[in-house]
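A.B. asks: Mind having a look at this structure? Questions to follow.
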Amino acid sequence: MPSGTSQCEDGSAGCPQDLEVQPEKGQLEKGASGDKERVWISPDTPSRCTWQLGRPMADSPHYHTVPTKSPKILPDILRKIGNTPMVRINRISKNAGLKCELLAKCEFFNAGGSVKDRISLRMIEDAERAGTLKPGDTIIEPTSGNTGIGLALAAAVKGYRCIIVMPEKMSMEKVDVLRALGAEIVRTPTNARFDSPESHVGVAWRLKNEIPNSHILDQYRNASNPLAHYDDTAEEILQQCDGKVDMLVASAGTGGTITGIARKLKEKCPGCKIIGVDPEGSILAEPEELNQTEQTAYEVEGIGYDFIPTVLDRAVVDRWFKSNDDDSFAFARMLISQEGLLCGGSSGSAMAVAVKAAQELKEGQRCVVILPDSVRNYMSKFLSDKWMLQKGFMKEELSVKRPWWWHLRVQELSLSAPLTVLPTVTCEHTIAILREKGFDQAPVVNESGAILGMVTLGNMLSSLLAGKVRPSDEVCKVLYKQFKPIHLTDTLGMLSHILEMDHFALVVHEQIQSRDQAWSGVVGGPTDRNNGVSSKQLMVFGVVTAIDLLNFVAAREQTRK
């Protein structure tokens, strides 16, 4: 892939895999303790790539690979990365009324179960080739999980220490696989901005600065990311389709997959239309109007970001579509039940968009969809009916016999006014309050009453014992944002589903609030004054536990006798 050589700050030439590059000016921040500098490189730095359509390969400064056939006996499992199958989609295509041929590139057949195996191996081998990564070194990577699994897999085979930093949102299946591969795992708050020191990116850079001979391969900036798809994935697609591809549909996370494949297809199939998929709540799509939504969170993992990664070349995408959780999980389940493809949620995102975008294609034309990962990582999520019901993605079957209380509303419970805590209260004081009142958890709210998160006695005590916080630290440092909200109008059946998985649920109601009265999204941050613009805020009504539900049912049972 023709690309300009990026210049490091010390003047040496190299690509992002030259990992000892110094942060650019403006990227040093004072720490909370005073003059301590925060050393990091932002994952959205401007790209220096000079790839242009039509520019000869000889101009490329990069090392390029050529797809090879696998031997009958593989020397190690890393040779099982790549050469994934192309499968015709039959029933979904027919039901959608498509005239064109719909094909799926099944990336979950890679050794580690996802498309990210390709870039993980490529980043490591390019760093080894450059002499940056040496035996005994440590690999650190901020990731949503799949890149981490790919890196941990390669590190296990090659003998590197591997530390993976990922948000709390990501599934426990990913955590379990990473641990089994020998990786060390650090979890970070899901809602932390990418440029926050508490984000998965920020924590990874802090670890890199503390651990000798450690490297962040940096999938967000590393040219090896799109190169893996330019050299291999795209060539496989062209070979499997005999050079005939009329449309490609791919979701975007770091953007390396869609960038690398699109650049090669634009060179070899000039008429091929590239369709990008970006979830609602992410900002990767263009034009910018597509990203305007009140939604900031989504359940689908591995795609979408709140920044534009360096490796994403949006110029090669002809059109963007926004995906949503409902369609994504519905189509992921359809791919499993109707096509037998055991894929993950982001595969559903891509397929949901593909059946819309491919409506414009005619008979004899061909649409290829990238299915990024497998269902293995989501057994407790969208594959679970309970999880789908709890999240509101499925409706209860009315024909199923339920207890007498199942369809009663949450408002039937006699909930007392909740104990709430301000984010500036210390951990020590909060623990004392919870113990005095006999509570295990409490909502943390700002001065106007909007919910910032939850704090639990167990989480605070474990954080104190692990040395992550001090007793004098503000409680906002141990904030838990993965709470399950429920409304007064929701059923006790829905509450029951939540309490099967969690110790408590937060009963909330929405309130329209002027922004000059509310704090910003940063926990413990200053007042966000924005010309009185109004927005919806979640306000706490009460906290309900399994004991509350059992007491209600038991009391009503007595009166029913």
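Heads up, the Cβ atoms here are built off N, Cα and C, so glycines get one too.
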A.B. asks: In Swiss-Prot, the residues Gly253, Thr254, Gly255, Gly256, Thr257, Ser346 are said to bind pyridoxal 5'-phosphate. Which of Asn110, Asn146, Asn446, Asn459 is said to bind at that same site?
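C.D. replies: According to Swiss-Prot, the candidate sharing the pyridoxal 5'-phosphate site with Gly253, Thr254, Gly255, Gly256, Thr257, Ser346 is Asn146.
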A.B. asks: Which residue among Ser42, Ser70 does Swiss-Prot mark as phosphoserine?
C.D. replies: Ser42
A.B. asks: Taking only the residues in the domain 'CBS' (414-474), give me the average pLDDT of this model.
C.D. replies: 87
A.B. asks: Taking just the CA atoms, what is the gap between Lys116 (N6-(pyridoxal phosphate)lysine) and His62 (heme binding site) in Å?
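C.D. replies: Their Cα atoms are separated by 20 Å.
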A.B. asks: By a 10 A CB contact count over all chains shown, which of the recorded positions listed here is most packed: His62, Lys116, Lys208?
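C.D. replies: Counting Cβ neighbours within 10 Å, the top one is Lys116.
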A.B. asks: Give the number of CB atoms, excluding that of Cys49 (heme binding site) itself, located within 10 Å of its CB.
C.D. replies: 21
A.B. asks: Return one of helix, strand or coil for Lys116 (N6-(pyridoxal phosphate)lysine), based on DSSP.
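C.D. replies: Where Lys116 (N6-(pyridoxal phosphate)lysine) sits, the three-state DSSP reduction gives helix.
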A.B. asks: DSSP helix, strand and coil counts for the domain 'CBS' (414-474)?
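C.D. replies: Summed over the domain 'CBS' (414-474), the classes give 20 helix, 15 strand, 26 coil.
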A.B. asks: For His62 (heme binding site) and Lys208 (SUMO cross-link), determine the Cα separation and express it in whole Å.
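C.D. replies: Taking the Cα atoms only, His62 (heme binding site) lies 26 Å from Lys208 (SUMO cross-link).
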